[in-house]
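Right, one structure below, let's go through it.
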Amino acid sequence: MASSAHRNGTSKGAPKPLVSNTKSSSFKSRLHPSQSSGAVLRRSSFGQNAAAAAGDDGVPGRVRVAVRLRPRNAEELVADADFADCVELQTELKRLKLRKNNWDADTYEFDELLTEFASQKRVYEVVAKPVVESVLDGYNGTVMAYGQTGTGKTFTVGHLGDDDTSARGIMVRAMEDILADVSLETDSVSVSYLQLYMETIQDLLDPANDNITIVEDPKTGDVSLPGATLVEIRDQQSFVELLRLGEAHRIAANTKMNTESSRSHAILMVHVKRSVGGGDDAFSSETDSSSHLVKPMKPLVRKSKLVLVDLAGSERVHKSGSEGHMLEEAKSINLSLSALGKCINALAENSAHVPVRDSKLTRLLKDSFGGTARTSLIVTIGPSPRHRGETTSTVLFGQRAMKVENMLKIKEEFDYKSLSRKLEIQVDKLIAENERQQKAFDDEIERINQEAENRIAEVERSFAEALEKERLKCQMEYVEAVKKLEEKMVSNQKKHDRDSFPNGKCNGEVPGTSTSEEVTEIKRLLQNETQLRKTAEEEVNKLNSRLENFMQSMAGGDAETVKVHRILEDEAQKKRKLEEEISILQSQLLQLTLEADQTRRYLDRCGSGNAFAGLDSFVSQMRHSQVKESVNGHKAPMATLFEHVGLQKILSLLESEDANTRIHAVKVVANLAAEEANQEKIVEAGGLTSLLMLLRSFEDETVRRVAAGAIANLAMNEANQELIMTQGGISLLSMTAADAEDAQTLRMVAGAIANLCGNDKLQRKLRSEGGIKALLGMVRCGHPDVLSQVARGIANFAKCESRSSMQGMKAGRSLLIEDGALPWIVQNANNEAAPIRRHIELALCHLAQHEVNAKDMIGGGALWELVRISRDCSREDIRNLARRTLNSSPTFRAEMRRLRIEC
């Protein structure tokens, strides 16, 4: 539809404005609107602009109504040439006379009367400019045009004025004033352009968006349209281009009343966000009844909305000639306008119930009539006496609208983004200052520790030297004393031998006396030595006490020295623990060797003979090789097993009654199964059946763990996977997963199921026998190795599902999603462990490749993880896969457009 032409033809002329007046009493009823409606006056504190524009009647926020008269068009000039106009405007008195006949007329008073000569500029200044100024001050505002079809509503509100700038309508002029007043560096202006067609809200800027829902805040009651296109405006030219685009998409038709009759209500929403300095503004506290002013120190932002509405014209079918689909359009237009009239009647009469929900139009205009917005209504009428009934209905609508009062409120909130930026700068400064102080503190602590260590080393060295000197002195004295005693004893002994025997019996008493004296002398010398030893010990104790006193003084004067000692003690403790662990490992190695000897002796007694001797030798070799493997990183060779012990003999030992024999045998089978060359021989010899029997019949945790590991090794071969499934392996693994508590057992079971998840042919059976549920159940363990195997299994399963879907072999939702795996996948998509994160990222990408999973993934939050993977994943192949998946899915693309996400 051409937006540059007048909707009713350019030959009708441009109306002229007149001076504004806010008097609103009805001459016909001779009562003030507030008196006739019985409404209680509501007052609100708002800005100077709003207070000044409240009107002479002193009712703040009342809906202001202006009437604009259209000049006669070419048809009326011919058809009504012999008849006078049915409308007479008395602009000085703000009165409108509506003639019934040549001698009788009804008189009405309005806020403004605009004759057929009023210009577009005067219309804007009288009707819309006060509302625009209020919007710039932080209030919501509405300007709406109402009237019969063909009376010039679209020309008044939405005319672009491409050929004649003086013919620009309210929309263009309002945006000029808004852009001239705001600062684009700190403020923002954005618009949405919609049409309400057949009770469906459609986006004029995006025709594909043809069913926008209305969202109402349950707390505040505010109405919003989150699905509408919102475009930020930086200059006037881009805004005009948007209007031209919207007018091209708006629905219009040719009727008898109007060649370009609008078949929808057009709604332009202008959102203005302005930053306000917190220290400069003062406002009255709405929650405090006191009159003092509060000066907020935090930065504020004011959010306001200007709604410009070009209503479709009311029409009578017998006059417009509408039929078929146009008749349905006319019915829808008249119904929505009727619902609007009912709401205005209820508000004017102060009714307890206002039927806002009867139409989407009334829901959208909920804030404009009886809400918090400042509203101006321009009523357009024609002069023709043939349409006196429609003109009367339009005038009465304007009279009722003048009785509606709104509670104007500024929409202010803290500017958290600006405040956050300031706080981030302060935090950065504080962090830098803290790091500088911490470095200085660490340097000072290091210096003090070094001084303390030097002093301690010096004291210890002095003490050791003094103690060594004292010890040497005591030793020398002791040695000298002992030497003297020995010499004296030798001389006495010689003397005694020389004197005692020759003299015979008569001289027997003399030697006895001499010996007694010698013993007394020896006792005296021993007492002297003991006294010297005690003296030396007392000296040593004194030195020790002096050292302890010195250490206590050091501890009392310098706590950091004690801290250093504690750290040294902790290190020594750790060293002792490591030495103990090494001793334990050595004892375990010795124990393993002893167990091997005991097993050999047992089998010798049972008649196993040389066969088990070979097995025992191999087990011992394998255990020693495991110890060497942790040191050298090399595995013991397994190829020599069949040369020492036959495979049938090893498998027969799996059924042994002796627990140690059974454990040794299953370990050997597990190690053999790790080599692909041995797997076929083990399966052919019945090894798989024996391993499954162990899982079914034995409760020993070691047997179950090693058996599950052997099955996991066999499951790496695709030829063995169907055999495992046929023999009930999944059921047994699922039961083991439910019963086991050991993390290593769960890791082996999860690894076996993960290998089976990679087979396309087994997906349905794997799921039906509880394989997926078993995988998800094992996450209760929380061990990283178990979680890694679970994630690998889910990734394998998702990859097979994706491949089957692309080949057309599978339809419907993913079995993983049906079994409830999606929440765990999303929760662990950014796991700290790299293996878990990599598998989960692959699983998400494979699930997203099937379009039928898209809605579930969006609802479960997986879209955000896919976007993160496409941006931040460390592996380029996964990152590219995520991008391709997002770009190839229409559902994901639509949701990303709605959320304003760019991949």
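We number each residue from 1, going along the chain as drawn.
Including glycine, each Cβ sits where the backbone N, Cα and C put it.
Any TrEMBL annotation is an automated prediction that lacks curation.
Residues or ranges marked as ATP binding site by TrEMBL: Gly147, Gln148, Thr149, Gly150, Thr151, Gly152, Lys153, Thr154. Over all protein chains present, the Cβ of Lys153 (ATP binding site) has 29 other Cβ atoms lying within 10 Å.
Per TrEMBL, coiled coil is recorded for 420-469 (among others).
The coiled coil feature in TrEMBL is assigned to 519-595 (among others).
For 1-11 (among others), the entry in TrEMBL reads compositional bias 'Polar residues'.
If you look up TrEMBL, you'll see 19-38 (among others) marked as compositional bias 'Polar residues'.
TrEMBL lists 62-404 with the feature domain 'Kinesin motor'. Along the domain 'Kinesin motor' (62-404), the predicted structure has mean pLDDT 85.
The region 'Disordered' feature in TrEMBL is assigned to 1-40 (among others).
Summarising the annotation, TrEMBL assigns region 'Disordered' to 493-516 (among others).
The repeat 'ARM' annotation in TrEMBL covers 645-687 (among others). The helix, strand and coil residue counts that DSSP assigns across the repeat 'ARM' (645-687) are 34 helix, 0 strand, 9 coil.
Note on the repeat 'ARM' (686-729): residues 647, 651, 654-655, 659, 662-663, 666-667, 669-670, 673-674, 676, 679-680, 735-736, 740, 742, 744-745, 748-749, 751-752, 755-756, 759, 761-762, 765-766, 769 of its chain, located 6 or more positions outside it, place their CB under 8 angstroms from a CB of the stretch. Taken from TrEMBL, the feature repeat 'ARM' applies to 686-729 (among others).
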Handout entry: Largest tally of Cβ atoms lying within 10 Å of a Cβ, found at which of the binding-site residues Gly147, Gly152
Key = Gly152
Completion exercise
Around the Cβ of Gly150 (ATP binding site), other Cβ atoms within 10 Å, all chains included, total 29
Exercise for the section: Please report the number of other Cβ atoms within 10 Å of the Cβ of Thr154 (ATP binding site). Expected result: 29
Problem - Around the Cβ of Thr151 (ATP binding site), the count of other Cβ atoms that are within 10 Å - result: 30
Handout entry: Cβ neighbour count (within 10 Å, all chains shown) around Thr149 (ATP binding site)
Key = 27
Exercise for the section: Any same-chain residues 6+ apart from Gln148 (ATP binding site) with CB under 8 Å of its CB? Would you list them in sequence order, or say none? Expected result: Met257, Gly313, Ser314, Glu315, Thr380, Ile381, Gly382, His387, Glu390, Thr391, Thr394
